[in-house]
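Contents: one structure, followed by commentary.
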Amino acid sequence: MRAEKQYTRNEVEETIVRWKKLKESGATEHDNTEYAQLCDVLRSAQSEIEARRDLKGHIKRCFSSVDKNTEKLILKQQVLAYKKLSQNLPAPDDCILSVLLRLSKDEQLLQSIVKQPLQNSKVDGKVRRDFGSCQITPSAKQQRKYLQYQISEDDAIKNRMFRRMSDLESYPAVMRDVAELKDDNERLNLDTIKRNALVELKKLRLIKQQESLRHQVMHCQPHLRTIVNAVERMSCRRPKLVPQATRLTEVLERQQRSDRERRLKQKQCDYLQTVCAHGREINVRTKNAQARAQKANRAVLAYHSHIEKEEQRRAERNAKQRLQALKENDEEAYLKLIDQAKDTRITHLLRQTDHYLDSLAAAVKVQQSQFGESAYDEDMDRRMNPEDDRKIDYYNVAHNIREVVTEQPSILVGGKLKEYQLRGLQWMISLYNNHLNGILADEMGLGKTIQTISLITHLIEKKRQNGPFLVIVPLSTLTNWTMEFERWAPSIVKIVYKGPPQVRKALHPQVRHSNFQVLLTTYEYIIKDRPLLSRIKWIYMIIDEGHRMKNTQSKLTNTLTTYYSSRYRLILTGTPLQNNLPELWALLNFVLPRIFNSIKSFDEWFNTPFANTGGQDKMELTEEESLLVIRRLHKVLRPFLLRRLKKDVEAELPDKVEKVIRCQMSGLQQKLYYQMKKHGMLYVEDAKRGKTGIKGLQNTVMQLKKICNHPFVFEDVERSIDPTGFNYDMLWRVSGKFELLDRILPKLFRSGHRILMFFQMTQIMNIMEDYLHYRQWRYLRLDGSTKADDRSKLLGVFNDPTAEVNLFLLSTRAGGLGLNLQTADTVIIFDSDWNPHQDLQAQDRAHRIGQTKEVRIYRLITEKSVEENILARAQYKLDIDGKVIQAGKFDNKSTPEEREAFLRSLLENENGEEENDEKGELDDDELNEILARGDDELRLFKQMTEDLERESPYGKNKEKERLIQVSELPEFYQREEPEKTTDLLQEEPLGRGARRRTPVVYDEAVRDAQWMAEMDMESEARPTRGRPKRNIASVDETPALTLNGKPKKKRGPAPDTLTSEHRSLLRRVCLEIYKAVNELEDDNGRPLNKLFLELPSKKLYPDYYMIIKSPIALDAIRKHINGTFYKTLEAMKSDLMTMFNNARTYNEEGSFVYEDANKMQTAMETKIEELEEDGTLATLRGMEAEATSQLEDRIENEA
């Protein structure tokens, strides 16, 4: 029978569609063959579907007829059979029969399904195929036959065994006689047969033993099965044979014992409960008594607390009244309140300061008496002031003779003095009349120079004092003083004492014969030409920028006080208190040496009034006590110091607005800053020497400041970033500050503002010049190397309204004093000075009397760098100046640990950041709002910003950012950690030929000496990047000079007189001793070498170098070890002992530095003993003796 064709769903649908069309067309099976075939196919498919439906229903009916109870019964029988079989026991017959019966029923059911007639042949074949592949289990009848067969088979085997045993037993016992009749082969076979039969018989007789053993094994096997044992635990349990009577006796005995124990325990518990109840009663009575006592105590405490609060409120009210009286400067009311309060501390403070004021009044009389009869008339003062008013008494002692000045001298022709300037002149005339000296401390820009000239003209015209007057000014302000004298007092005969030796020598005859009235000179010539200038008896000695006298041990101060003679002294300064109170005392001591003759007493009265109270801890002053000290100090200073502020005397002066602008670091600055901060040096990549480090970077803070300003200060870094030297965009892209200036300078120039830009480092000024040449912007420059004659030219050019120069580059120290640049209205502080008053002086070059525009100050600070800490320190110093004195903050007795902690705080990156409106990176809109001074400028700046973003190849969403990124740096800088270097680069004096690197000197004394030398020598021109300069303000730079004005001469290292073996052994021994001293730590792991590594700063510890005559530190000793300085071990040991003795001399006995020196000396001596024991020192001494002998022989031969 052929297989019928299989149809898909689509074919069936197409067939039905075709069948419908034929039927609609009227076709029948008789007249259309195609229609007949389609009808047959559809009938066949329909019959197949019905057959399948019938089969499924039949199977469902068959299986649903199974009884569920029967299934449960069969399951129980199967479980029972499993238990028996697991014990190797035969299953019960009823279990087997029930299973077989079930199987027979299933078989019949399946057969009935199979035999179900199928009408469709296709379905029938499919069902047969499906059921034919199944394996039908044997029927129950077959299984029963199989079991019967097995039993009959076992019986047959046993019967055969018994028959065989009977046959073997029936064999004759002796078969030798029969064997004798045979030949040898047959006899041998019979023996074998006999033996085999005997063995077989014995085997068969063991059947009983085998059955017994097999039964035992089958019996023990179930105990080895865990699952069976867990199910049939009871079947494995063996009954324990216990006599019933014995057990009953034991139970009764235990029961009696427990009853007896329970009665005893109950009795004990009852007794204890009685005792506890009694104790609780006692506790209750005690607590009640205590509660009554506590209630009474609380009532007493509440009463006393109420009284104490009332007293405290009264004391606070009185303290506020006293503080208010102090603030209102009502000393009489304050003293009455103090008498009521009976405050012993404040009374003691008043008594101390009053005593000091009395001593000052007496000293004033002594000061006045040196000119003859005292100007102070006690009887007149007593008649004028019948009341004992100490305030009036003290001031009247100083200014007893009063002269009213209403008009300026007639020979003062440069202009008309302002009202406050006339009052200043009157105050100075009062000092002159009362034979006293003073300090004119008006704020910078209020005309101290003009007031001083008015004093000289008044003395010449009114007092008939024709001089001589000595005016000592800084070199930077000498030109300005000369111009002011020519403008305001041209009739005065003056000598400007400056210039080279030949020029000054030409002025000597005029100076000797006193053919002048005023002599203008500088600090340097006061020292240098002391033999000539000190012979003259000066009427008045006037010192401009007198805060230079704050160091009483400086050479200038000692020279003036020791060799120069003058009747009157006047100090001019805009910052009388820059850092602390002793500096102010130094100024007072210079002008009034007989009054302020002891810094110790001044410090005791106003700094530590309670230092000697006997307590161990320092007693801090309260706000009231601090304010009282301030008022008393004002009382001390008022007769001798006059200070006015711009906001108080010049209401018409425009405002001065300062903005701090924080700049981001470029990628190069970030890498260099990280290297310097972590490793203490900068790593560069050199084509010849590979990875190297820049040598000579000792001052870490200074190097960090250089990195913040511009990385190209380090020449090797510039070569690695810009090898050709002609990528000028790198000048502003590598520095955050230069990038910011590249955005703001065009806007300021476009809007017509004139700018003063102040720098701390001339190296940065050199780079700025290169940048300005690149942008083709005209500028002027003034720094410490600018000649005095060029200064006046520069001022004239910049102040000329018709000049096209809108930018003036100045160094803070050289250009921040005595310059009038009122035509500028914008000041940019490129980097802040440690001394904030230097920056204030720089700002006041533009914010001065005569300024008509608002002055904007822009201070550039690198974000998250050491500059933020420097700015915070500067603000702290300004706070001191604002309060004049602050108890406990000006003692100048900071410990070395505190100074070290401060330096560490400068280097720590993770410090708390202050919330500030200008903090963080400024976008262009915020920057425009800061720069703009009106709506018109704001619109202009926005338009310029849009033009820059459109035209510049750098910026956001462009190929390169404005600041150089880390990804643009050479591969060497992109590493997280640079490789260790084996070579160090010494900074060379010159760059790549484009810019001369002039060493920057930060010490004022050295810089002054350098100025002196520069005036005696011609300087060389400073080349730049190759672009010619376009302005007349170019100043010359000189090479590095020594203090005597001669260029430094290079000298090679001295030849080593020791042999290589001797030098190697000496160096090894010295290094071992150095290592033992340098690596010493205390019990807490603190290194002891911390304060011995380098010499202390001369600025922080000036007294150290006065006390210690031979300063030395570990870094110098290590340098000597690596070189050829040490010829013997004793020389190195002597240096170490000198270092230890210096520490013990400068520090008090018992201090940690003193003890560290002792421990390090002990470590050195211990190491020397170890080297002595192992024979190393003996070998070294032998080499030293041999070297000494050879040296003596060589000397004798040369002789």
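Every residue number used here counts from 1 along the chain in the order it is shown.
From the backbone N, Cα and C atoms, a Cβ is placed for every residue, glycine too.
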Annotated range (Swiss-Prot: motif 'DEGH box') out of 544-547, 552-555, 1048-1051: 544-547
Swiss-Prot tags one of 888-930, 1017-1059 as region 'Disordered' - which one? 1017-1059
Rank the binding-site residues Gly445, Gly447 by how many other Cβ atoms lie within 10 Å of each Cβ and give me the one with the fewest. Gly447
Counts of helix, strand and coil residues, the domain 'Bromo' (1061-1171), according to DSSP: 69 helix, 2 strand, 40 coil
May I ask you to report the DSSP-based helix, strand or coil state of Asp442 (ATP binding site)? coil
DSSP on the motif 'DEGH box' (544-547): how many residues come out helix, how many strand, how many coil? 2 helix, 0 strand, 2 coil
